[in-house]
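These features come from TrEMBL:
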| type | residues | note |
| --- | --- | --- |
| ACT_SITE | E212 | active site |
| ACT_SITE | C246 | active site |
| DOMAIN | 17-430 | domain 'Aldehyde dehydrogenase' |
Amino acid sequence: MTHPYDADAHAGLRRYFDSGATRSAGWRRAQLRGLDAFLREREDEIASALHADLRKPPAETWLTETGYLRSEIRHALKHLRHWMRPRRVSVPLPYQPGRAVVERDPLGIVLIIGAWNYPLQLCLAPLIGALAGGNCAVVKPSEMAPATSRLLAAGLGSYLDPAGIEVVEGDGTVSAGLLEHRFDHIFFTGSRRKGREVMQAAARHLTPVTLELGGKSPVIVTAKANLRVAARRIAWAKFLNAGQTCIAPDYLLVDESVEARLLELIAEALVKFYGSDPASSPHYGRIVDARAFRRLEALQREGDLVAGGESSEERRSVAPTIVRNVPPASRLMEEEIFGPVLPVLAFSTLAEAAEQVRSRPDPLAIYLFSRDRAELRYLQEHTRSGGVCCNDLLFQAAIPGLPFGGRSVSGIGLYHGKAGFETFTAPRSVLRRSAFPDPDLRYPPYSERGIAFLKRLFTFFS
């Protein structure tokens, strides 16, 4: 599973898929169980790899990587038989006798390009849907998380069918080479810029894509929120994985009447979570590389500091940072931050907050803290996003029954649970009819009397 991926390797996967081996429920279940065994038996190695790449704490590794993935696998195994079952469609009387169904047909060979911020989850979560769908798959882990990439390349072959699943390591040139092949679907997680490149490459073969990108997901706190709970949950969700989460709250919109108190509570929560020196905390992650560190260090200077601000390039650490009075045209408010810097904007009405959200491209998520259901309904009706979560953050992506994905520039397509199965399968309409009856009036030469009869028949039974 570590050899170069070339035309021969691609042809081998195509032959294996065409053999029909991946279509059976037994093969699909065996792969899902093998993936679960990999996560269970190699848990310590996975934790070590993620710590080496991003200094992920063990609790975060379980919650956001291995534990989450095993939950997705259990969900898929539980529902796979139902997902695979053809759906009956009623046949109108003029077309009877006949039986009509919609099958979910495997796509073929799919390419999954993962991202570095959750390097295990973002490779294997789409793979769960691909395997449940009965496909062959090529998985390309991110080279920016080398320890996790090596573990996937060296380890998965012992648990999955090597004739149907390949793991290909390498940098951007390897990804570009993979995109030269004709896949039946491409699933990409990463930046908008790279997403456009993937979509352009896919267009050469008219290959459909799923793009999981990002954006500026807001968290809105109204005067009707439980401020202490909101503060703890915002502090946790924003600075999990050192802020390097595509659905992390990117900026905070808070009712001006509770702004001071909320910021005080968030600052208190941060000290409780990570101590006075987050760089030394075993519970706080690291920035992925020096380039990202320098960018974040510059961004945190674009407003008035409320909390944090410390950084260490040697340890690739940027402390959890909160800033106010951020210029609307600043990079902090125009770019996806993707790091532990939280800009704060105040509003006087919920309509003003909704307008702030609408003034930017559709985000992956919108978060609201409020005990008033009318405020939630207003926000749902006056904004657009991939998802909405009220009185918490991130967990909408952890529920297998909820489709996950972006909207417009934050992403194309959905996955998780049944949505992942449907992404990696195609609906195929199948009609089976009897040889009899076979009336002459359907065939030329047509008569006016016959046409009149057909019109009455189809009108009556339509």
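Note: Cβ is positioned from N, Cα and C throughout, glycine not excepted.
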Take the C-alpha atoms of C246 (active site) and E212 (active site) and report the distance between them in angstrom, rounded. 9
Give the helix, strand or coil assignment DSSP yields for E212 (active site). strand
Averaged pLDDT, computed only over the residues in the domain 'Aldehyde dehydrogenase' (17-430): 97
